[in-house]
Every structure is written in C-alpha cells, then in structure tokens.
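Database features (TrEMBL):
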type	residues	note
DOMAIN	253-275	domain 'C2H2-type'
REGION	274-323	region 'Disordered'
COMPBIAS	274-284	compositional bias 'Basic residues'
COMPBIAS	289-299	compositional bias 'Polar residues'
COMPBIAS	300-310	compositional bias 'Basic and acidic residues'
Amino acid sequence: MVSLLLKSCPQTAASASLESLLEMLNLGLTSYESESAFNKSTRSLQVFEETGISHSEFLHRQHAEEGGGPLGGPLKYPNSCILWLHADQSVLDERLDKRVDDMLAAGLLDELRDFHRRYNQKKIEENSQDYQHGIFQSIGFKEFHEYLITEGKCTPETSNQLLKKGIEALKQVTKRYARKQNRWVKNRFLSRPGPGVPPIYGLEVSDTLKWEESVLEPALEIVQSFIQGRKPDAAPVKMPYSNTENKRSSHMCDLCGRIIIGDREWAAHMKSKSHLHQMKKRRRLDSDAFTTIGSQSISPDRDKELEEKGSVGQNDEDLKSSV
Ligand SMILES: [Zn+2]
C-alpha cells in the first residue's frame with residue numbers, strides 16, 4: 001500500500017519522510033512497526049512486479065525447489081560448505097553464562113536504564129507497553145522489566161533480588177536460544193541431506209587451548225581442499241537416518257485432511273500437536289456419537305482450524321516435533 005502510494009505520487013514520496021507518509025495513512029503504528037510493515041509490503045510488491053506471482057506463492061515454489069525445504073529455498077551459492085563450531089553443552093552453557101556476566105561488567109545495566117528511561121517508561125505509564133513486538137522483544141531487555149520499573153521505588157534488598165532474577169532469566173533465555181540455533185542446523189541441513197545441501201564440517205571448540213590444532217588448522221585444510229576441488233581429510237557430519245526412508249513419498253492424513261510429503265515428515269506429523277489434537281477431537285466425537293443418535297461427525301470449527309493452519313505441507317509444529 002505504501003509502495004503504491006510512492007509510485008502514484010513520486011513527488012510526495014521524494015519530499016515526505018516515511019513517518020509523515022504513515023501519518024498520512026493514519027495506520028496508528030509505531031515507527032518500528034511501520035518500517036517493518038513498509039519493508040514487507042515493498043518486498044511483496046517487488047516480488048509480484050518481477051515474477052507476476054504473489055509473494056506467498058513465490059516462497060512456496062522456492063521451498064519446493066531442489067535443495068529447498070520447509071525452512072527455506074535452495075542456497076544462494078550452490079557450491080558451499082559449512083563449518084559448524086560446536087562445543088559440549090555444559091561447556092557452551094558455561095561460556096554463555098560468562099558472556100552475560102561480561103556484558104554486565106561492560107555496562108549492560110546502564111544501557112538498559114537509559115533505554116528504559118527514553119523509550120519504555122512512558123509506554124508503561126500509559127499502559128501501552130508490549131514486549132511481544134519490535135525491539136522490546138529482543139533478548140536482554142524484557143528480562144529486566146521488574147527490576148527497571150521498581151528501581152528506586154523499593155528497598156535495595158528487593159531491587160537486588162529483582163536484578164538477580166533478571167540476570168538469571170537472561171542467562172536461561174540465552175542458553176535456550178543457543179540450543180535453538182543448533183536445532184536449526186540439524187533440521188535444515190543434517191536431517192535432510194541431498195544434492196542441494198552443502199557438506200557440514202564439525203569443528204570441536206570445547207577446549208580453547210587446542211584452538212590451533214582442533215579448530216584453525218582443520219578449518220583451513222577444509223576450506224583449501226574445497227577451493228581446490230579435493231576431498232578434505234575431515235569427513236562431513238552425518239546424522240543417523242534410515243536408508244530406506246523416502247523423502248518424496250506422500251501420505252494422506254484423513255484425520256487432518258492434509259497431504260504430508262516424506263517419511264520423516266510423516267513420522268513427525270503423527271507426533272505433532274495438531275495431529276494429536278485432531279485425534280482427541282475425533283475420539284470425543286466418536287464417544288458422543290454413541291450417546292447422540294444421528295449426530296454430525298464433523299465439528300463446526302474443524303474447517304476454520306484447517307484454514308488457519310494451511311491444509312497442505314508442513315507446519316512449525318511438525319518441525320518442532322521432528323527435532
Ligand atoms: Zn494428521
């Protein structure tokens with residue numbers, strides 16, 4: 001919409017800032033939200049202009065390409081290799097905790113207080129704070145909410161306790177995020193090996209004293225071999241998976257009314273929340289049918305749910321449960 005406006009009146013667009021344009025449109029969005037909405041709509045219009053198909057259709061086709069999957073299209077650079085640094089979970093957790101402590105020592109609290117005073121305090125007073133959107137949802141701010149709003153208004157002991165609570169929450173969420181990143185590598189690359197998926201070379205970074213021999217040297221050897229078209233000494237990481245597994249097989253789930261492609265995805269679907277929910281519902285309906293003669297076998301909100309989830313393909317829940 002914004003982009004159409006820009007095109008239809010270039011004169012206005014040239015002189016008006018994004019903010020005043022949005023004021024004109026009176027969308028009632030914050031500048032961060034409006035910028036994000038602006039970027040999204042511009043990209044969607046650009047895709048339509050270049051390809052003649054909708055942005056969602058474009059993404060759908062991209063994911064269906066060779067080497068693409070539910071987590072994205074094929075790689076931008078076809079001849080790639082990936083170096084994956086990984087450490088023992090306990091070592092990594094310890095490092096992440098230390099990183100938070102280092103951030104605190106480097107002045108994180110002053111930065112948070114300053115940000116809170118300038119951008120957050122007023123919103124809280126107006127009761128319009130929303131930690132689900134924009135910059136406010138980023139890791140490292142919302143965890144200190146209680147501490148920031150009560151600082152100076154409660155006893156030093158309480159304040160100190162709230163600070164400790166915030167620090168602990170920040171450490172937890174940082175560690176959770178690191179696990180999520182590792183899961184992403186496993187899901188995107190390791191669980192779906194194929195022609196469009198680059199080799200992943202694991203480098204062990206648990207012991208930093210052995211950095212040169214266990215990280216730097218093997219990394220250089222891998223990259224050099226790769227550039228020269230040789231096979232590196234190291235073997236790429238492989239996830240154990242069944243050879244008999246068929247990635248293109250299609251399965252129809254009558255219960256959910258969905259077609260699921262691939263054995264692995266099918267196995268994940270059977271365990272997914274959405275499927276189990278449908279199963280529960282079906283059981284409930286079946287038991288109702290015993291008591292109500294001539295009852296309808298389809299619940300009224302079933303179609304609505306399917307619409308919301310998208311009927312074909314894989315959803316987030318399936319992915320999560322395949323981790
Ligand atoms: Zn199902």
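Heads up, the Cβ atoms here are built off N, Cα and C, so glycines get one too.
Under DSSP, residues within the domain 'C2H2-type' (253-275) fall into helix, strand and coil as 12 helix, 5 strand, 6 coil.
On the 0 to 100 pLDDT scale, the model's mean across the domain 'C2H2-type' (253-275) is 85.
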